[in-house]
Amino acid sequence: MTYIVTDECVKCKYTDCVEVCPVDCFYEGEFMLVINPDECIDCGVCVPDCPIDAIKPESPELIEWVERAKDFIENQGWKNITKKKCALPDADKFKDEQDKFNKYIIKNMH
């Protein structure tokens, strides 16, 4: 099992979670963070530190997020992040928007 960063993180990228992770398993892309499922120890320490509730426990309906995280780390070269940074400039504007992954990540991959 692992924890998963979901759609809520897209275009916000609050990084409060990375500082509390005991195994430094967060990776950073331009618009969001992901958790490396092979490094996560399923402790859940990061969950309460996410101000937008973007981190969820692995479940069958979220399995696509596990595959996306692996792809971003292994094939897209996302780098490990271990220190808190400022959120994206328009994070407050985007925090309640839905379907951000399809609107902003998928769109930029083509």
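Yeah, the Cβs are placed from backbone N, Cα and C, and that goes for glycine too.
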Same [4Fe-4S] cluster site per Swiss-Prot - residue from Cys12, Cys21 joining Cys40, Cys43, Cys46:
Cys21
Would you list the DSSP helix, strand and coil counts for the residues of the domain '4Fe-4S ferredoxin-type 1' (2-30)?
8 helix, 6 strand, 15 coil
Would you say which of the binding-site residues Cys17, Cys21 has the most Cβ atoms within 10 Å of its own Cβ?
Cys17
Non-local residues, at least 6 beyond the ends, that sit with Cβ under 8 Å of the domain '4Fe-4S ferredoxin-type 1' (2-30):
36-37, 39-47, 49-58, 62, 65-66, 69, 72-73, 76, 78-85, 87-88, 90-91, 94-95, 97-101, 103-105, 108
